[in-house]
Structures are given as structure tokens and as C-alpha cells.
């Protein structure tokens, strides 16, 4: 791996990168940064979470003329969330060079953006619609742009932004450097490369590199009506630090977040129908740890850069395999382990095989925990919390009252009462989740991607679109919920039950199982 100090970047940029805690480049950065510094056009096929913002951002910042008041670089992103995330990262990367970075996007006060544009940003990040709006108002001038980046171009294609992008490209000088990043390479994206780029270099990060090798991937075969109870029990057993639950539709997200809240989990949802202010508020609370479970659609979560996500639950298997890679890419980042669990209805097993072909990794079958196992996991984590308090906390102020209790009650009864207070008993509160049909079975139809092109395999047709860290529900104050944990029983994780796909079926319980250990 190459160190950032070896690329020949401005020393101020290297200082900023080191401040962020990065020393060695990721594969996409190692391949992109030298070409970016040379001014070459390039097409990068890479997923979110591979470090591509720094890959195009570092050469861009290196070439910015600090004395110029012109917009010298433009990044076009499909969503407001991604535009904000990219601008924040560019700000950090350019902190010591003092480059002015601005994000412009819909759903925000345009007059405030106009005032910010008058302060002469040198890098502008924005969504296609809002960039065009500013161009038409003559509040954004692009005649001095030297570097243009199209980020997540395939997603912009899916969202119908290609015409807007072509209009924007005509406003930028022909003599420029253009960098295009896309998870997939459908024909319309290739045509943009042919029409608007000069002999671009192609950089491809292979699927096995994109699938986050540190992510453990499991599937649970479950009927639709049983999904929510299975999700509840998994959350109780595993007690993830931060979790994202993916639903296929906006209605699904609303119902899941409401149902999780009814059962005491600190959960909120995001999807495209929420106001920008609401979406940013939810994301801010999730990043700050005030929300333990974020429920999201694919589009709403695209491009999110949230550290600390330990578990991703695919409540619905995604309609195209690329979306699966994006979903699980929310976890297992920055060298940390993550876990992805996908719920699959019996009629959807063909979809599972196509996802596995895309990721080049076989998912392990997982048996859903029982209510007893979920409760055993709660008790185990409560026990761990007590043990941690005994070894790590200063208990001198409490010993007088503890001795008084011991004079009145048996020590075992006192310990049992503590466990009862800390452990969450199984919550079977009735909830309403509208049942959705499984994805249609396509026996032998082959995989048809977003452009309808045939592929290998049968049974899949892609769509056109795209422990104890929970808050304590039993106590007031700022304490964390003691639920979840290591799982019940003393089983060993790997089971002997084999399904027709082969491989041992993992149990969600088991103190020693690699599946059930509490996330650290």
C-alpha cells in the first residue's frame, strides 16, 4: 500500500489527511491519485465506501489556485445527502490549504446559497437540478472550471438526471479534466465517457474488493408475516451498536420505524418523501448515537458515510444485486468488522443466488433465534454490564447501601433483581406491517439488468430503480439499553443442520458462537 506522503501532494494536504487518521491509500486511491495529478480523464468503477472521494478530491485540492476567486472544480452528485457528505470530506481534506468548498442542493434556502456563492467558493458540490437552477440564475459561473467530477453516475442515470448532466457539461470549458465514478457501467454512462471525455483511463475495482471482506454475510429464510418478530429477536440477541434496516418501499420504512418504536427501540426512518430538514435531523441524531436503528430505502441511504455501523439488516432482499453491495457497504468500514443479515422468503431463493454471484461471496444460512434465546441474550449482556461496573467503576459511595441490602435480603435475590431491572424481557407488542408479495419468480429468465440486457443464471430480473448499546428503555436518563448481547445458551455457533444450499446453519444464540458475540 502507498502512503499519502509518497504521491507528491502538497504538504498541507498530507497534513490534513494525517489529521483525519489516514496514512495508506485504498486501492481506488492508489490507482486514481497519480492519474488525477497528471490531469488525465478517468472512469472509475467503484462502490461507495471505497474511498473514492479522497481519490478524486486530493488531486483536485492539490491543483486549486488559492489566489483565484473562481470556481475551479465542480462535483455533481445524485442526492443531497451525498453532496453534503462529499463537501464535508473535501473541507476536511483541504483544511490546512484553506480551500473554500460549498454544497448546493434542493430543499435548502436558495437565497442563502446565492449569498454563499458570492463569497467565491473554489470547489462546488451539488445536485444536478440545483446546479442548473444557479446556472440559469447566473449565480454560478463555470467558465473557469478545470476539474469536473460525476459521482455515482449510474445512480444519476436511474434518477433521470442524464439530460441535466449533459446540459451542465456544455457550460463547462471543453479543456478540462473529467472524472466519472460509477458502481456499474450501463451504455448511457459509457456514451457520456465517449462524448465528453478525452481518452479516459479506466480504473476498475473488482467485485471482491468492493464487497468489504470484513463483512460477515448471512441470510435467514423466513415467511413475510414472521419477519418483524425475527428482526426484533435478532436485535435483542445481537444488540448492535448502530444498525441500519433496509426496506424496499417508503411505506415499509414508515411502518418498520413506527413498529420498532412501539417495541421500545430507538428508531427513525428516512426516505425520499421526507423534507430535507427532517432527513438531515434524523441522520444527525443517528451519527450522534441518539438513534440506534435507522430504517431506510436504498435511495435515501445512497452515499451516506456513517462510521460505527455494526449491523445491516435487509428486511427485504433488494431488487437488483448492485443495491445489495451498496447496502452492506454501510458497515465493515475503516478496517472494522461488520455483519449483514438478509431476510429471504422461500420463493426468493433464486434472487439470493444472483446476489452471491455479484458479490463473489456465499452467504451463510442463519437460524432465527427463539424468544427464549433472545431473553437469554438480554440476561447475558445485563450480567456483562454488572461485571464491567464491578471491575471498572468506583463503587465506594454505594457500599454502605449495598451492605444494608445484604442485611435484609439474600445476595442471590439482590443479584436477580438487578438482572431483572437491566435485562429487557421479550416484547411481543402487536404491530402492523403491511405484507408485501415476494419478488416475482423468473424461472430461467436470466438476470436482466437496468438496461434489460440478458445475463447468466435464472430466476432474477433486476428492477429499474435502484452488546448492549441500545438506550435503556426501562430507566430514565441517558443510560444505554442493556438489551442484546452474546446470545443465549452455550452452543458453539456452527450447527449441523444443512439446507439444500449446503453449509452449516448458524444459530443466533450461543455464547461462544462467532455470530452471536456482542459488537464492540
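Placement of Cβ uses the backbone N, Cα and C atoms for every residue, glycine included.
According to Swiss-Prot, the protein has these features:
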| type | residues | note |
| --- | --- | --- |
| BINDING | 46, 47, 48, 49, 50, 51, 52, 53 | ATP binding site |
| DOMAIN | 33-203 | domain 'Helicase ATP-binding' |
| DOMAIN | 214-374 | domain 'Helicase C-terminal' |
| REGION | 428-520 | region 'Disordered' |
| MOTIF | 2-30 | motif 'Q motif' |
| MOTIF | 151-154 | motif 'DEAD box' |
| note | Same-chain residues at least 6 beyond the ends of the motif 'Q motif' (2-30) with a Cβ under 8 Å from one of its Cβ atoms are 37, 44, 46, 50-52, 54-55, 58-59, 61-62, 92-97, 203, 205, 209
| remark: The most crowded of the binding-site residues 50, 53, judged by neighbouring Cβ atoms within 10 Å of its own Cβ, is 53
| said: Let's check the environment of residue 52 (ATP binding site): how many other CB atoms sit within 10 Å of its CB? | reply: 24
| For the motif 'Q motif' (2-30), what are the DSSP-based totals of helix, strand and coil residues? | 16 helix, 2 strand, 11 coil
| query | DSSP helix, strand and coil counts for the motif 'DEAD box' (151-154)? | reply | 2 helix, 0 strand, 2 coil
| request: Run through the Cβ atoms and count how many others sit within 10 Å of the one on residue 51 (ATP binding site). | output: 21
